[in-house]
Amino acid sequence: MTRRNQTAISQFFLLGLPFPPEYQHLFYALFLAMYLTTLLGNLIIIILILLDSHLHTPMYLFLSNLSFADLCFSSVTMPKLLQNMQSQVPSIPYAGCLAQIYFFLFFGDLGNFLLVAMAYDRYVAICFPLHYMSIMSPKLCVSLVVLSWVLTTFHAMLHTLLMARLSFCEDSVIPHYFCDMSTLLKVACSDTHDNELAIFILGGPIVVLPFLLIIVSYARIVSSIFKVPSSQSIHKAFSTCGSHLSVVSLFYGTVIGLYLCPSANNSTVKETVMSLMYTMVTPMLNPFIYSLRNRDIKDALEKIMCKKQIPSFL
């Protein structure tokens, strides 16, 4: 019966967000504003880095790729969510669901690896400033970016192919606002052991190890700065690491809690809210925390704005 159901299924029904109907328009406006902010913030970063030659450095190479990953990561789920919030029967085609899983994993993993590269870049810049250019050579930076893209491609493809092997009952209802992998496993009609094993085995090198490397990098940064005891050095340590670590902890904390350490007590509402944190909030905050507060980015933006204003006075 599962084989018949698997071939017959053409779409999934999404329950969406657990909000009262009377607040639907309010949350629609809120999520639309958040999505547009995410698009605008990340597009500004990418354009500025492309146009300003002074930003053609290792750190901004990683930043531009991270902005692209965040922009696409948010676009994987947000447009469909906004569309379904205006639909009487929120659904997603079977092929669209698999595509959403693939790109969700791809851009999520890509941002994950880029955060590690950025943490390492800051570590070298602060702890080994005299050797920064020799260590962070263009060849190494490009290699790190290419490696990130390659690893994410294979990881996302593996999980997508494993999901495609599963059988689903007709009229399958997903208690989520997108095709979340862990939620799909709960509604599958066939054995999900291989999928769960792949998540557990690959979760370490893909999620936990990068998180630990980021923590170690920032810990070394703080330790290096504290070797020169002064109020200025302490302020520099917190300004350099505090805001970055808060977003990193928010992203990794929710991902690890949802996928690597799932609890039987986790309700659908709790899982949905946790998912909102890393699918909406983190991509929106990253441009402000990593780039828009940066003096180089502000200078580049001011130069472009001045160039556009000068012809109007001529």
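Each Cβ is built from the backbone N, Cα and C atoms, and glycine gets one as well.
Membrane topology per Swiss-Prot: His54 and Lys270 sit on opposite sides, carrying different topological domain names. Here the transmembrane segment (101-120) has Cβ contacts under 8 Å with residues 59, 62-63, 65-66, 69-70, 72-73, 76-77, 141, 144-145, 147-149, 151-153, 155-157, 159-160, 163, 178-179, 181, 184, 206-207, 210, 213-214, 217-218, 244, 248, 251, 255, 278, 290 of the same chain, all six or more residues outside its ends.
Across the disulfide-bonded residues listed here (Cys97, Cys189), the residue whose Cβ sits among the most other Cβ atoms within 10 Å is Cys97.
Only residues 6 or more beyond the boundaries of the topological domain 'Cytoplasmic' (121-139), in the same chain, are considered here, and those with a CB under 8 A from a CB of the stretch are 58-59, 62, 217-218, 220-221, 224-225, 240. Counted over residue pairs 6 or more apart, the CB atoms of the transmembrane segment (273-292) and the transmembrane segment (26-50) come under 8 Å in at least three pairs, which marks the two as touching.
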